[in-house]
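Asks: In case it helps, Swiss-Prot gives these features for our protein:
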type	residues	note
BINDING	His554, His559, His746, Asn750, Ile896	Fe cation binding site
DOMAIN	79-199	domain 'PLAT'
DOMAIN	202-896	domain 'Lipoxygenase'
REGION	175-232	region 'EIF4E2 binding'
TRANSIT	1-56	transit peptide
Amino acid sequence: MYCRESLSSLQTLNVAKSLSSLFPKQSALINPISAGRRNNLPRPNLRRRCKVTASRANIEQEGNTVKEPIQNIKVKGYITAQEEFLEGITWSRGLDDIADIRGRSLLVELISAKTDQRITVEDYAQRVWAEAPDEKYECEFEMPEDFGPVGAIKIQNQYHRQLFLKGVELKLPGGSITFTCESWVAPKSVDPTKRIFFSDKSYLPSQTPEPLKKYRKEELETLQGKNREEVGEFTKFERIYDYDVYNDVGDPDNDPELARPVIGGLTHPYPRRCKTGRKPCETDPSSEQRYGGEFYVPRDEEFSTAKGTSFTGKAVLAALPSIFPQIESVLLSPQEPFPHFKAIQNLFEEGIQLPKDAGLLPLLPRIIKALGEAQDDILQFDAPVLINRDRFSWLRDDEFARQTLAGLNPYSIQLVEEWPLISKLDPAVYGDPTSLITWEIVEREVKGNMTVDEALKNKRLFVLDYHDLLLPYVNKVRELNNTTLYASRTLFFLSDDSTLRPVAIELTCPPNINKPQWKQVFTPGYDATSCWLWNLAKTHAISHDAGYHQLISHWLRTHACTEPYIIAANRQLSAMHPIYRLLHPHFRYTMEINARARQSLVNGGGIIETCFWPGKYALELSSAVYGKLWRFDQEGLPADLIKRGLAEEDKTAEHGVRLTIPDYPFANDGLILWDAIKEWVTDYVKHYYPDEELITSDEELQGWWSEVRNIGHGDKKDEPWWPVLKTQDDLIGVVTTIAWVTSGHHAAVNFGQYGYGGYFPNRPTTTRIRMPTEDPTDEALKEFYESPEKVLLKTYPSQKQATLVMVTLDLLSTHSPDEEYIGEQQEASWANEPVINAAFERFKGKLQYLEGVIDERNVNITLKNRAGAGVVKYELLKPTSEHGVTGMGVPYSISI
């Protein structure tokens, strides 16, 4: 149970007692531990402080039994921790210094894994070393010989501040026992219960030593919130994992225009998010209040100190709402288009002056340049790799097509299997369902090389099809200020050299009260007018892909859909469960980054709504896609490729599938990564579950998967495609899919965002005016014929929208200095098991092999989708990276 008092209230404690009454006089009241120095104060007698007690019942039970005296053995304990950063000198800091001097920093208790606890073995740990960022503590126990192996420890934080406990090592005569903690421990004044940590040895529930079973159960109940007596908002120090709907993205109490529907439930199905316990809004009880401060996530889900203070983490995400008004204030015409392309180029070459006192330099050091003490700072973006390699590549049709296979969103291109293209929407509402892209147009554009029937048979036609997804939103989005929308289809033809060529773009508007359905097909032109119309149509089509990428391929399929796996794992899988330990690296920081996204990215009036074409319908649209298209069994890479017609099963092929497009960089690299992950998971699962009965009888494992399906993804719980955990293959498939989504999938759609989207004409996030050929006026046609470049610039995002997106994409594309890349470091529990350690080393070797393969492929000029003059190399699935914006690196988890 957590006390409601804040730490600040602890500062009012009476500390006026003479220090001489507590301990011998010292020359000064200062912390004797300075960075890099050992504490030279006399240590209290450890033997005297070590407490070994027995219960009265045990004494009475054995009172008549004569036994040989039990010998004690000495056990040394070494603890590594990091303190919470607190600025300045506070009363609580003074009290903590007193605790250090008295040698009572942490209370540590040992838990036997052999027999039920008959005695208590505990000691106070004293801080003996402090060298930023780590602190070292030591303690010594006298443990009875028959105590048995230590299976767990309990720790109570005697400080008046939080402590990040990294790990504990116990040194016994027969060897060492390690406890990897990686957890924040609240002060005793806030949480008086002792925190339990289990050793690095993993146990299935049925194999858990009997004395540890009750602790295993109690810890899960704590994380489920069963021991919480209070009601209301969860506090910063709590570790409760629970579910809620997305009812906190709107802010109706602050502005009625920011009211948003609840996302999650029958009307708008969606994955669940972490519960915060905040009060309902006064103006809309179905929504949750968004008052100031950080959104709750369980304490151990928050960023570490390193990530939290870096410009890629908490600091910038929290500051986005205040950063953007300052940037907007220095733009000459924030709501207007850029006047010419040179003005866009100047964002990289000259920059924009910022007031010296804006305070943005520490937050955005990559893009804010300091010119000197007396001069203003400059907002100047680094040129993205796309225009660094070829300044005009974004204009070319071949680059437009190449990016569907090797760009930012390789998840949308699909094979055309039926002709003609026909909508599945109700024609009574949306008009004629048949596409205007006819066989005559296709055969003309492919120069008579083959008929449509031959192209279908030979799998030569591919499409970006956003028609049925967008058409229901067109009229609604067009009612928003300075925004337009079409439903689009973009058709591509596969050439003999495995490159795609755009054939046609169809833009459609549904009928409304004032006019009938409108649609038109645009093709690459060979005269000035048709060329400009084609470029304008291409701009609309690319913006649709950019919005779909951000909302669906990125946010929905990785961030939002992963959160329920994390919540369920912490509620149902013990920290000593082998599957928890296998998945835990893949869950690092995701809940925190999702909470930040709800605060400033996907919230009402946030970046997505302000700068992307769906506007206030963004999450509503992603809900529609989740309800219609999302299937867990199709989230693995091979299944996704097969679903889109980009591969077919072939057991004789290297990865068990044969690609429809041989030079598909994302798929070619991704399948190697997928296989490496699957082989690692297979070795791991078969080690801990040699008998399939162990899977079906594992109540924690079954409880986790049941909660994922029935609560976390409860809006789709009745779907027939959910896997059932009965066999090794079932479990391997589920775990491999989750590991892939959090690592390879997310890396492929995230870390190239600035490289491809930083120059926004390549990836415009919205379009603001209609095609000149839709209900043309004399004035609009005149402007188009006299200044088509001006019309294109008006179609692009405004100066404000473009600049804010560039700042955001730079942030989202940045690797943190403390990034943990897949296969780079192994968990301590893996290293302690020889079979698992060997399997991990094989996994690591396969990832190193992938790095070499990617390097070789990127210099093979026969692979035209990833190599050639000015072509951006495909490196998004290279496993490791330096920190910063690199366009490569696959972290274990969705950490940004």
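From the backbone N, Cα and C atoms, a Cβ is placed for every residue, glycine too.
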Asks: Mind checking how the region 'EIF4E2 binding' (175-232) divides into helix, strand and coil residues in DSSP?
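Replies: Each residue of the region 'EIF4E2 binding' (175-232) counted once, the result is 17 helix, 16 strand, 25 coil.
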Asks: By Cβ count within 10 Å, point out the most packed of the binding-site residues listed: His554, His746.
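Replies: Neighbour-count leader: His746.
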Asks: Excluding His554, His559, His746, Asn750, Ile896, please set out which residues of the same chain place their CB within 8 Å of the center of the CB atoms of the Fe cation site, keeping sequence order.
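Replies: Residues close to the Fe cation site, other than His554, His559, His746, Asn750, Ile896: Trp555, Thr558, Ile593, Val749, Leu812, Ile894.
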Asks: Around the Cβ of Ile896 (Fe cation binding site), how many other Cβ atoms lie within 10 Å? Please give the count over every shown protein chain.
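Replies: Other Cβ atoms found within 10 Å: 22.
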Asks: Let me know how many other Cβ atoms fall within 10 Å of the Cβ of His559 (Fe cation binding site).
Replies: 22
Asks: Tell me, by DSSP, whether His746 (Fe cation binding site) is helix, strand or coil?
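Replies: The three-state answer is helix.
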Asks: Hey, what's the Cβ neighbour count for Asn750 (Fe cation binding site) at 10 Å?
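Replies: Here the count is 21.
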